[in-house]
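A.B. asks: Here it is, the structure, as structure tokens.
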């Protein structure tokens, strides 16, 4: 827990870098956390003169095996740099949701994405039930007191003595003196009430600040569990002070909607693992992946990716300019980034009653509580609207359990036998809240969480009023081949490319007729004029495909001079009107709500750990899911693992009758891992360190989404 002076409560980032912080002592951690240490173990502050040097005394103390895996297509990386230099949030959002932002650029990209995020522009956070009840009771008390005051006799109402004297017309000097004394008494009473209220607020704020300090100290204790005593350095103290002030200011601003919870501190801590809290420095928190014997709580974020940086000429110089000299791209403070990130992670759709009220502002009558609950119940079970609109945390948890039973029945049955999800809401099952409500905060690996947050921060829907040319211009007319490398939306559904082509004005009626016939014969679900009986899930598929996908036809000459994707090539060659149905350029947009997508990502993570989970008991499972290790495997096993995946995908596509089991690209090795791509890797030369494949987890989440959608459509028929 940090010791801060009373005047630092409202201090800014600049004020937190005062002389008082530079004289940090072992007293910066309190005894009740058992983290006190003697001066002998006090850390040497990181050298400021050479901030790119690792905090550790030598590079040899950190093995290559501890470096995270990172491979990234060079063309996409250069495109990301181009969009960053021009602050192009359209292009950065596209890369973020499709491939993820390079970790070494997140500290500049995330602020740009957050500034333009729909959930920041139109924020809505689900209010805490306790605060909601307090607000309702206070309004009712205020209403009753006002009605009581209106029925009070005039002579006893505040300020009524003067009015009564004027009405009576017989007021004398004594009456005036009495009136003056009464007004003075009223003013004194109001001042006393205001002072009392201010003191209560100060006491409440002090309690919140103490909770924040205690949670920050728990983070240190969690990382340094093998050390009974630990002292923070000057730089660490400054970083933790910035975090404390950011959390406190957010709580003061949004305290009437949500009360302080430890999750707010953990969001700040996890943000500080990628975004340096101190401006113009590379220092970030290390995260739980580092050994408890690591000398410091902070690390230079460039050190983890030194192999990748050294493989690209002039990249290190470019990053140093971004860190120390940038005044144009992004200079936003940690506090502002933190507030916007919380608005995205904790966002939920407005209740039905609130949406209707905003649409009909002239109607002032409130719906009673039973009607609102009825609407929420109907929305809770409406699986055709939840994927698009999202829902409250209660609705998402119910949806998660439903999908778990449907998509991973064996694991679901084991969870049922072990009673893993039967005590939802208790401390035993709080891992699920951290997964779904707080988007992996605290419980996931920083590397997995960073990639998933990339996906959520890059979430964008297509504006139906904008055409292809508008977005293509916003992307600065990106090269077709580079755009193809980004691939389709992860949560794609059937009928997107084909429907766009069949609906194009350049295609004649015969081509449309042939196209529709082919779709029907192959099981592709397409809206036809003659259909009478239609499934609600078919409507959902068509709605997702038509509204959230945008593409434009490419002429035959352009196709001849450019490389087509496997999906569009296969589609064009299979059609009898290939001369007309030429491949198209696609700009993928988000299709499902990001928090619903997070549900399928969570299911994919559980599926990847299934073999481990079935070997554990109740307590071990909950502990494991509360500190989920990074999904990784040895680099020298990558080849065999890849072959297994390809074999499994091939068998699944040949045995499955579901058209959703087929990917928009061919499932051969060359299409999954094209040899023509220039991919720069952070891998060590000995190829023995672990490789993170969270991208595969996210891709598997898309497969689970299509599997769920297909099964629901079959049952709906």
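Even glycines carry a Cβ here, placed using N, Cα and C.
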A.B. asks: If I go by Swiss-Prot, the feature region 'Disordered' sits on one of 503-522, 523-542, 603-622. Which?
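C.D. replies: Swiss-Prot lists region 'Disordered' for residues 503-522.
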A.B. asks: Pick from 636-670, 671-705: which stretch is listed in Swiss-Prot under region 'Disordered'?
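C.D. replies: So the range that Swiss-Prot calls region 'Disordered' is 636-670.
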A.B. asks: Among 303-327, 328-352, 353-377, 378-402, find the range that Swiss-Prot records as region 'Disordered'.
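C.D. replies: Checking Swiss-Prot against the ranges 303-327, 328-352, 353-377, 378-402, the region 'Disordered' one is 353-377.
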A.B. asks: Counting by DSSP, what is the helix, strand and coil composition of the compositional bias 'Basic and acidic residues' (189-209)?
C.D. replies: 21 helix, 0 strand, 0 coil
